[in-house]
Each structure stands twice: as structure tokens, then as C-alpha cells.
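Following: one structure in C-alpha cells, then a few remarks.
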Amino acid sequence: MDTLLPTSTAVHEAEKPNYNNNLAFQEKDVDAGALFVLKSKGSWMHCGYHLTTSIVAPPLLSLPFAFTFLGWTAGILCLVIGAATTFYSYNLISLVLEHHAQHGRRQLRFRDMASDILGPRWGRYFVGPTQFAVCYGAVVACTLLGGQCMKAIYVLANPSGNMKLYEFVVIFGCLMLILAQIPSFHSLRHINLVSLILCLAYSACATAGSIYIGDSSKGPEKDYSIKGDTENRVFGIFNAVAIIATTYGNGIIPEIQATIAAPVKGKMFKGLCVCYIVLIFTFFTVAISGYWAFGNEASSLILTNFVDNGNPLLPRWFIYVTNIFTIVQLSAVGVVYLQPTNEVLEQAFGDPRSPEFSPRNVVPRLVSRSLATASATTIAAMLPFFGDINSLIGAFGFIPLDFILPVVFFNMTFKPSKRSPIFWLNVTIAVVFSTVGAIAAVAAVRQIVLDAKNYRLFANV
């Protein structure tokens, strides 16, 4: 593999003047989205914070639920394959980005990569819209989940209360509205450090809570059998794969690498190492402890299992703290996934020739970001069943962006020999995950059809 990658000292030394030329080119021709939102000022550690927030997020609390469709062996195997494949594919994207940067053209966005490597139509009509749908869908999902966690605290504290879910979604949306005004991706580095600490905190709480309940007489009787007939089991497997793929999903690797100060060589790998150390600790402990404690009764959000018919199985303060950690981190995750939307809005309405904080740029930024956040909050409040739709978005979005395109980009950029193992490894990954993604999309559509009878706007679920 070393012979295929631009790792020589000569190339590395040549990188600096190319960067300078590229920066001069950017200053002349760059749009407001890249100039103001995707500032290249961060270190590899900041990159690690951004990566951790975008990947190690509250959807990991659904992993025990995915295990209910897979069982112990297949569940752990899928977690391992997901971790190995995404770490590998994210590194491939980073290497492709470094290669283009060393040759005087630093790509700052996923759609830029697709346009340069696959052609302009791929960037404009597939990768760009797909990434936008995935990221904006993640913002809606975070807003909905934040509202659900707020409601869980409220119901536990006041069982006879009459506040509805959509009211809590709106409250969380107001928090998102404030955070959405943070000017650039790089400006989120301190928030994302706090987010990293919080994901460790609520994962530890979820793990400790599951072990406590599983080791006591309060929990359900442990049953690890897979429910349903043959058809439901088969589709359940692909639903579980979609859940795990979405949990590992990112979709904004180029935008995160764009926040790194030049030269970028090797910095993304260090950031990914930080992220995956946290990921291994959180994903595996939550998934294994949650499934061990609740078996096939594990809920789609493991924190739901901590309350049985209104009766807490853990001290109330412990459940409150766990949910608060989750809510605060959700706000950070939501604003990270809002960055591609912010960049598009800034590109459309901003003026790169005017100062960043001039009235010419501040007014359209405030209005457009507020409208984008308000729209996401409205969708989350109206469609509390958005989880089903998000599974479909995950199958159509995260799997192509994070599992398929990276290996295609690498093979087309570096053109490894068809006799080399890396070429066939990449082809295998692309074919396998294309098949899995297609079947997962069918499974997601099937689940939407099955649940359609329960759908109601502004439902209080």
C-alpha cells in the first residue's frame, strides 16, 4: 500500500509551496461558504473533537436494540466490521484529500471531491443532495431526540403533567437556534471538546445503569432469542444493519478535514485515532451491557428501559443526569450536522468581498440559519415518527457516503493495480455495501409501510 500513496519526503516538502499557491487561489476565487464556514485554522486535536461529536453521538444508545435482531454473535461481528470498515474508509478519504492538496487543489467539501473525481454531475446531482439530506435529517433527528429526552425527564418528575412532546421539541429547537449562529465549523472546537466528555459520561451512565439493573431482580427476565417469523427476522437483520451503519455514519469527513490548518498531511489520521478510541469504549460497552441486561426487550433507546411503566429502576437523579448529558451533547451534534447547510446558505447569500461580520453578511446569515433551524424543529415536532424516515435516509445516504464512495474515490485517484490486494478489497467493500444498502433501503420502506397506520402529525409519543 505504501507504494500507492504520496508519502515521500520530496512530495511532503513540495506540499508547502503548493499550499501557498492554493491559498492565493482561494483568496481570489473562494465563495463565502468556504471562506467563512470552513475556515482552515484547526489542529489535529480539534479535528478529533469534531469527528467524535459527529460519530459518537446518542444514536449509539440504539445499539442494544439492533442486537435484538442480530443476537450476540452477529451483533458483535457487525460492530467490529462497522468499526474496521469506517476507520479504513475515512482514512481513504483523508488520503485522497491530502493527495489533491499536495497537487495544489485543496478540496473543502464532499461535493467538490465528487465533482473533481467522478465529474460535475455526480457532485451536483448525487453527492451534494445526498449529503444535504443526510446532514439535515440528522439535525431533525437530534431535535426530535432532544425533545424526547426532555419529555422523559418531565414525565418522571411529574407523571400527571400535560405537556406534549412537540412542546419539548420546540424548547430544544430554541437552544439549537442559538447555537446555529456560531459563525464557523472551527468555532465549535471547544463545544465539541465538551461534547466528547459528555458522550463518555452518558455512555458510562448507560453502561452502569444496564449492569445494575441486569444484576438485580428489577430487570426483565433475560431472553436472547430473536422474535418474529422468518420474514420479520430477515428484514430485522437489515434494519439492524441500517441502524449500525447510521450509528457509525459521518458524511462530513471532507468538511471536517477542511477545518485543519495547512499542511494537513497526517493530521486526520491522528484525529481519527482520538475518535475511535472513544468510539470503541462507548459503542461496545453500551451495546453489550444493554443487550445483556434487557435481551430482546431492549428498547430503541436504551434509556427507556430504565423506567418500567412509570417506575424508575434506578435512582431518579441518575436518570435525570444521564438524560441531561444526552440532551446537551445532542445540541452539539445537531449544530455540527448543521454546518453543511450553513455553508450552502453562506455560499448563496454571503459576500466573500465583504468582512465576515459586516451587516452585509451578518443579516442574511442570521435570517437564513434561523429559518433552517426553525424548519428542522417544525419537521421534528410534526413527524415524531421521523426515526423510520431517518433509517431510509441512512440506507440511501450514510452507506453510499461512508462505505462506498471512499473506496471508489481511492481507486480512481491512485489507480492501484488490478492485481493488488487493496484494489480488490476496495471493490469488495463497494459491492457488498451497495447490496446491503439496497436491501436496507427496502427494509426501511417496509417498516414505514407497516408503521404508517400509527402516523399522526404532532403525535404525543
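Cβ coordinates come from backbone N, Cα and C, glycine included.
Taken from TrEMBL as is:
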DOMAIN    41-446  domain 'Amino acid transporter transmembrane'
TRANSMEM  69-97  transmembrane segment
TRANSMEM  133-157  transmembrane segment
TRANSMEM  163-182  transmembrane segment
TRANSMEM  194-214  transmembrane segment
TRANSMEM  234-253  transmembrane segment
TRANSMEM  274-294  transmembrane segment
TRANSMEM  317-338  transmembrane segment
TRANSMEM  392-410  transmembrane segment
TRANSMEM  422-445  transmembrane segment
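The stretch in 163-182, 317-338, 392-410, 422-445 that contributes the largest number of Cβ pairs under 8 Å to the transmembrane segment (234-253) is 392-410. Long-range contacts of the transmembrane segment (194-214) within its own chain (CB-CB distance under 8 A, at least 6 residues past either end) are made by residues 48-49, 52-53, 56-58, 60-61, 64, 222, 278, 281-282, 285-286, 289-290, 292-294, 302-303, 305-306, 313-314, 318-319, 321-322, 325-326, 328-329, 332-333. Taking pairs at least six residues apart, the transmembrane segment (317-338) and the transmembrane segment (133-157) share three or more Cβ pairs below 8 Å and count as touching.
Same-chain neighbours of the transmembrane segment (163-182): 139, 142-144, 146-148, 150-151, 154, 188, 191, 327, 330-332, 334-335, 338, 342, 365-366, 369-370, 372-374, 376-377, 380-382, 384, 458-461, counting only residues six or more beyond its ends whose CB sits under 8 Å from a CB of the stretch. Residues 57-59, 163, 165-166, 168-173, 175-176, 249, 251-252, 301, 303-304, 307, 310, 312, 316, 319-320, 323-324, 326-327, 330-331, 333-334, 337-341, 372-373, 376-377, 379-381, 383-384, 386-387, 389-390, 393-394, 396-398, 401 of the same chain, all 6+ positions outside the transmembrane segment (133-157), place their C-beta atoms under 8 angstroms from a C-beta of that stretch.
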